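The thiamine diphosphate binding site annotation in TrEMBL covers 71, 144, 145, 172, 284, 365. Annotated Mg(2+) binding site per TrEMBL: 143, 172, in sequence order. Under the heading domain 'Transketolase-like pyrimidine-binding', TrEMBL lists 314-479.
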């Protein structure tokens, strides 16, 4: 069946009897490719039938489909003629793992962060009303995205629409980790609750009026109710009060039923919420049993489900999580906060040891930060662990609710720097810029695993304001173990003193690459000085000026964008002090960085020891 799907709408050529065959072939295709290259597995296995039904019921590219979270889009890519590129999925130059408008016209918006689809789809629906056109607009929201506040801001505006607008709630009872909050409990009530009456009269009439299939579909839904507990919520219930006509829950793995239901609700001139029940990891028993572990995976063995490449050393997340658990044993004031990712951030270990001091707030970064502010103001020591790319969603709360008041909150900024395969929406390359722009915010970056443990201890003891500790994805560097000077606020660390020709200021993860660069320069008889920056804010002005006055060339190295970078701050300081010396800033250009492995991306950005050594040698030769 799958070989017949080579472009959008090819799926409409297959018969209903062939739907299960195609679904199974798509599932096997996904398993084969994701097991080889990694990717988002569980959620994509869960939406195969739903995506098929949407493509059968909708008319592309006229109709509009928006996914939230966007990592659920793999089957959509296959059904729009993109299966040939899956061998390079999420690799540099290959297919994106998210919807991407420049990849296909049916990818309307990028959907890397959660809870955005309803707002985007509402924009398309409003434009449709202004133009007077009749395309169908569908937002598919799920995988925990309904725990985010932005989704409710959008729902608050949906009720004003007078024409058809469909929100498909893909309810797999999971996000990346288990769903949390009252909305999750409410949806669970809908799944198992008693039906107050069969069908709202206006919906029933609309369904029955559809030529040929109306009466049959209505009767089918009525029969289906017995197995699914409930079809329509009564007036006055939550979604109805938001101005939506609620339909469901229905089986998300029955293509024929889904197709007929979507075709029916397309004819209703009102906003619709279609509640679809799916199972994360559906069709792959290991993923069904361990949905959290198989949300996003590296290459793995299909038979056992185990990673093909074993983790030989602890990564930075492991080091942070273990140290936090250890330090919190003697600190009963320490509490930990996650935004729907206790596993990804390592806080699941804290949760296990100290369940009463752990809080998962869902995909709600803004709330997480202000919640932490309240805890800090009440005398607790909150630690928020969130990926760098998601922290930027709470920028206003950092300013208004934390930094102005100088509240002692610890921000554990995981996945700082080049993250890799998830691409533009997930690179953690803006944190230095947005964090150091805020007064009263202290920002640290460790050079290795040992410094990370010391910095976390320092952060927990620090009471003079908020402090951010940013660290990268991947194996924690174990080099330079013997060089660990006591940590002092705003002070850097000189790791190696050179001959006065070159001084390198390296930030966090770039210390490892800088150390390799030092060794390569030494082979060319260039003895460079190496400084571990430690504090990106406040910067160590004394050390910077002292080294600049005694060296011919000042170099900064960091895994962040140039705008607002540490290097930019150094350049400004040197100019203000009237120091004339050579200057090089190795950083990421002010661009959105595409997907690819961190090592490949570093090579592409010129941030490897080989590339930097070559450029430094050229600069030295120009100065001679």
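Backbone N, Cα and C define each Cβ position, glycine as well.
This view paints the features noted in TrEMBL onto the structure.
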residue: 71; record: thiamine diphosphate binding site; DSSP class: helix
residue: 144; record: thiamine diphosphate binding site; DSSP class: coil
residue: 172; record: thiamine diphosphate binding site; DSSP class: coil
residue: 284; record: thiamine diphosphate binding site; DSSP class: coil
residue: 365; record: thiamine diphosphate binding site; DSSP class: helix
*In sequence order, which same-chain residues at least six apart have a C-beta under 8 angstroms from residue 284 (thiamine diphosphate binding site)?*
27, 31, 41, 45, 294
_Tell me which of the binding-site residues 145, 172 sits in the most Cβ-dense spot, judged by other Cβ atoms within 10 Å._
145
*residue 365 (thiamine diphosphate binding site) CB neighbourhood, other CB atoms within 10 A*: 25
*Would you count the other CB atoms within 10 A of the CB of residue 71 (thiamine diphosphate binding site), including those on all shown protein chains?*
26
*So what's the mean pLDDT when you look at the domain 'Transketolase-like pyrimidine-binding' (314-479)?*
97
*asked:* What whole-number value in Å do you get for the largest C-alpha pair distance within 71, 144, 145, 172, 284, 365, the residues recorded as binding thiamine diphosphate?
replied: 32
*Measure from the Cβ of residue 144 (thiamine diphosphate binding site) and count the other Cβ atoms within 10 Å, all protein chains considered.*
28
